[in-house]
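Asker: Summarising the annotation, TrEMBL assigns transmembrane segment to 7-28, 48-68, 88-109, 139-160, 190-223, 229-249, 261-281, 316-334, 346-369, 405-429, 450-470, 476-497.
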Amino acid sequence: MNKESKIDYALMIPALIITLAISLPLALFKEQGAGIVNKVFAFTTSNFKWAFLIFGLFCVLFLIWLGCSKYGKIKLGGPDDKPEFSTYTWAAMIFCAGIGIAIVYWAFIEPVYYMGGPPFGIEKNSTLAAEWAGALGQFHWGITPWAIYALPTFPIAYAIHVKKIPALKLSTACKGIIGKKADGALGKIIDIIVIFAMVGGVGTSLGLAVPLVTTLVASVLGIQESMTLQLIVLGVSTAVIAGTVWSGLQKGMAALSNLNTYVAYFLLLFVFLLGPTIYILNLWTNSLGILFTNFFRLSLGTDPVANGGFPEAWTVFYWAWWIAYAPMMGLFVARISKGRTIREVVFGELIFGSIGCWIFFAIWGGYAIHIQTTGILDVATIVGKVGTGGTIVAILQTLPAGKVLVLPAFILLCVIFLATTINSAAFTLSSQVTKKIAGDEEPPRVNRTLWAVLLGVFALGLLLAGGLTAVQLSSVVAALPLIPILILMVFSLMKWLKEDYDDVLSSGEVTLTEDKIKPVN
Ligand code: NM2
């Protein structure tokens with residue numbers, strides 16, 4: 001069968017319309033766009049912050065319970081299935097799939113913002129604010145976000161590997177509850193929301209990455225940054241990526257992605273060893289102490305009386321951003337986790353994922369806190385004057401060989417991450433709108449290329465509407481309708497686990513033979 005004919009137009013067309021209907025007006029009517037964006041952001045975050053926060057904590061508690069419960073022993077796969085990858089490779093794949101440009105963007109700069117605007121009435125730029133800055137980075141890039149990522153993995157993995165239904169769409173993983181409706185209108189609505197969320201989440205990544213890359217490039221070339229330069233960066237990267245996707249140079253992309261992990265290791269070790277090693281270790285230890293003692297307060301802190309804006313700007317925004325990426329991660333992690341038990345996957349993802357992010361924040365964020373608190377560079381003042389990108393450049397230049405080595409390596413890291421993020425998003429989006437695609441099959445390349453271009457257009461809209469709020473809003477609005485869908489998936493999983501395993505587990509068996517798995521209608 002001709003591959004191009006396999007596009008599911010009932011999904012593709014609404015997804016296309018929604019994406020364009022949001023990006024084009026934002027791009028064309030910039031001024032009004034920015035006003036609306038601010039209003040919608042304030043409305044959504046102030047009315048729903050409690051829901052985002054509760055959902056984040058729910059993910060952590062549910063997964064820890066699931067992993068420790070009798071269901072933890074269940075293998076995601078048949079009795080003879082063995083894990084396909086070594087645990088190290090598996091963990092590294094999960095980390096690289098879930099983390100891209102975003103951590104490079106935030107790790108140096110986020111503590112600087114926290115020091116200047118700490119929560120809980122802590123005094124700005126004080127010693128305590130510096131200590132909390134370390135802890136907040138570990139909180140926003142730790143257990144809760146990884147639990148959000150992990151949540152959809154289990155319903156999807158159970159559907160694919162145990163129920164043997166090809167659940168390459170999230171609607172399929174809701175079948176335990178919605179049954180046949182997953183194949184009808186309700187299923188389509190679910191999948192459109194999922195696609196919308198992915199576009200929104202990736203929009204945030206691109207909306208942050210493009211201005212950063214522009215600043216970095218401008219500082220190396222010694223030219224003025226401007227909107228035009230941003231548009232050139234966005235245009236060139238979209239064109240290069242679309243070209244790569246079109247010409248089938250996927251292997252090249254994978255090689256680039258591998259190269260990038262080495263650049264990241266290098267820059268982490270470089271800052272750790274040549275920077276204030278002991279300070280970093282002390283600050284990290286201390287940060288984890290603050291995090292663990294205050295975990296519930298941070299998790300549920302809505303700041304209801306003062307309404308100072310901290311949870312909206314940080315926790316709610318972050319949880320939303322991770323939620324928007326969660327379906328993509330769930331599909332990916334489910335695919336590579338065949339043959340592992342639920343317990344292994346729960347704790348593997350939560351522990352390896354958190355530690356990976358913690359290291360970035362401990363080293364790069366710790367370095368930023370160090371130069372501020374020891375007076376090497378007043379990043380707090382600089383960020384107010386030149387914004388995020390310029391401050392990152394200033395921080396990098398304080399390192400040995402800052403200009404000749406660190407800055408170019410950092411740019412390479414950002415550019416490759418930008419490319420691999422768009423590339424993998426285009427891949428997942430196009431497989432979402434392809435009918436009956438097998439696990440190892442590639443979605444049609446016209447469609448993949450189209451998605452790469454559409455993501456570029458969407459990012460253009462966000463950039464023109466301007467500012468961080470538009471970029472943050474993209475994830476927040478996209479994630480909100482996804483929360484009930486993710487909860488539906490959890491119910492669906494629980495129903496399946498109970499019907500398939502409750503009798504068996506009480507008799508001590510762990511794996512089920514195929515004849516005992518209840519069929520899905
Ligand atoms: N998250 C981790 O842009 C990226 O790095 C993709 C973003 C959700 C903030 C992941």
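Glycine is treated like the rest: Cβ placed from N, Cα and C.
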Asker: Among 48-68, 190-223, 229-249, 405-429, which stretch has the most Cβ pairs under 8 Å to the transmembrane segment (316-334)?
Answerer: 190-223
Asker: Are the transmembrane segment (261-281) and the transmembrane segment (405-429) close enough to be called in contact, which here means at least 3 C-beta pairs under 8 A that are separated by 6 or more residues?
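Answerer: Contact between the transmembrane segment (261-281) and the transmembrane segment (405-429): present.
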Asker: Is the transmembrane segment (405-429) packed against any residues at least 6 beyond its ends, judged by a Cβ distance under 8 Å, and which are they?
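Answerer: For the transmembrane segment (405-429), the nonlocal Cβ contacts are 15, 97, 100-101, 104-105, 195, 198-199, 202, 205-206, 209-210, 212-213, 216-217, 219-220, 237-238, 240-241, 244-245, 253, 256-257, 259-260, 263-264, 266-267, 270, 328, 331-332, 392-393, 396-397, 399, 443, 448-449, 451-452, 455-456.
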Asker: Cβ under 8 Å, sequence separation of at least 6 from the ends of the transmembrane segment (88-109): give me the contacting residues as numbers and ranges.
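Answerer: Counting only partners 6 or more residues beyond its ends, the transmembrane segment (88-109) has Cβ contacts under 8 Å with 137, 141, 146, 149, 205, 208-209, 212, 257, 261, 264, 321, 325, 329, 332-333, 336-337, 340, 348-349, 352-353, 356-357, 360-361, 363-365, 367-368, 383, 388, 391-392, 395-396, 410, 413-414, 417-418, 420-421, 424.
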Asker: Do any residues of this chain, six or more beyond the ends of the transmembrane segment (450-470), have a C-beta under 8 angstroms from a C-beta of it, and if so which?
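Answerer: Same-chain contacts beyond the flanks: 16, 19-20, 22-27, 30, 33-34, 37-38, 41, 199, 202-204, 206-208, 210-211, 227, 230-231, 234-235, 237-238, 241-242, 245, 422-423, 425-426, 429-430.
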Asker: Quick one: do the transmembrane segment (190-223) and the transmembrane segment (139-160) reach 3+ CB pairs under 8 Å, ignoring pairs fewer than 6 apart in sequence?
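Answerer: Answer no, regions not in contact.
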Asker: At a threshold of under 8 Å on Cβ distances, which of 7-28, 229-249, 476-497 pairs most often with the transmembrane segment (139-160)?
Answerer: 476-497
Asker: Thinking of Cβ pairs under 8 Å, which stretch from 7-28, 48-68, 229-249 has the most of them with the transmembrane segment (476-497)?
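Answerer: By Cβ pairs under 8 Å, 48-68 leads among 7-28, 48-68, 229-249.
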Asker: Near the transmembrane segment (48-68), which same-chain residues lie under 8 Å Cβ to Cβ, leaving out any that are not at least 6 residues past its ends?
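Answerer: Cβ under 8 Å, 6 or more out: 143-145, 147-148, 150-151, 154, 296, 299-302, 311-312, 315-316, 319-320, 323, 342-343, 346-347, 350, 479-480, 483, 486-487, 490.
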Asker: For the transmembrane segment (346-369), could you work out the same-chain residues 6 or more beyond its ends whose Cβ comes under 8 Å from its Cβ atoms?
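Answerer: Same-chain residues near the transmembrane segment (346-369) but 6 or more away: 63-64, 66-67, 72, 87, 90-91, 94-95, 98-99, 103, 107-112, 115, 130, 133-134, 137-138, 141-143, 145-147, 149-150, 153-154, 268, 271-272, 275-276, 279-280, 283-284, 287-288, 333, 340, 379, 395, 399.
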